[in-house]
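Below you'll find the structure, written out as structure tokens, and then a few comments.
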Amino acid sequence: MPSAMEGSEGGEEGETLRYEETEDNSVSPTDLSELLKEGTKESHDRAENTQFVKDFLKGRIKKELFKLATVALYFTYSALEEEMDRNKDNPVFAPLYFPVELHRREALVKDLTYFYGEDWKEKIQCSEATQHYVDRIHHVGQHEPELLVAHAYTRYMGDLSGGQVLKKVAQRALKLPSTEEGIQFYVFDNVSNAQQFKQLYRARMNALDLDKNTKERIVEEANRAFRFNMQVFDELDKIGRSLTEEAQDGGFPVHDGKGDIRKCPYYADKLAGKVGPGCPYHAAVTLAKQPLVQLLLVTCVAVVAGAAAWYLL
């Protein structure tokens, strides 16, 4: 979800996300935290204005789509935390290694178990857009570890800020349990004060021994991370529109987010990007909408009605 953002109530139009406004007089414009904040504002605005995020903030999100977003997060954080573990002793990242406080993979496993059951691993797959994101994270962790901070900053600082707004929206819109099943991703049990922790994290970033060129590369990588997130949002939005179209076309509950979409093998193939014969029901509905077919149907009905009337007479 959009990162490095703080939440506030937004009235009837839904929740809103905004930049942190707390000023720290001890920072310098050349500090990495300030360079990232200023250097990613434009990307932040674009991410916040993607259709998926706007709909989410207004509570317009189907449960099936939220589940797919959780799947994308699982693959993203699995890659990120694998590379963070790999570089936990590397001086270019070590000061930002907070596995107990920040790591999300285990929380996401709980969410996926809640949504898909104990055999969740057999029911999910990494989408195309998410895979591009994952591949970049692995490349950075293995070949340019000094850029890993950009991905950690973009994700975790956002999760502790605007992510908390999304948690409330999801819980309310999807009628999730008050015990927080399904939204464990947003629960940071080991961060007692999010604002203080974020200040600590920014201070650690600013203390990294980095030259000007490396800082510029980190800001560039953070913008790249935003673009990867936006690509995932756009992919989810397209799937969401497909879900809506299926519900309008056929009216089957299994396609409107109330049932298990995996029970329709044709639709599962569509999400997986496979080419198949298509769902017989929807094929029939589409065929029935053709003018020529409708004319033939009307003619057949008239002939049958005429025959019945003759027989009764």
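Quick reminder: no glycine exception, Cβ is built from N, Cα and C everywhere.
Note that TrEMBL annotation is computational and uncurated.
As annotated by TrEMBL, region 'Disordered' applies to 1-32. The heme b binding site annotation in TrEMBL covers LYS37, HIS44, TYR153, ARG202. What TrEMBL lists as transmembrane segment is 292-312.
The number of other CB atoms found within 10 A of the CB of ARG202 (heme b binding site), across every protein chain shown, is 21. TYR153 (heme b binding site): 26 other CB atoms within 10 A of its CB, across all protein chains. With the fewest other C-beta atoms within 10 Å around its C-beta, LYS37 stands out among the binding-site residues LYS37, HIS44. Within the set LYS37, HIS44, TYR153, ARG202 that the record links to heme b, no two Cα atoms are more than 18 Å apart, and one pair reaches that distance.
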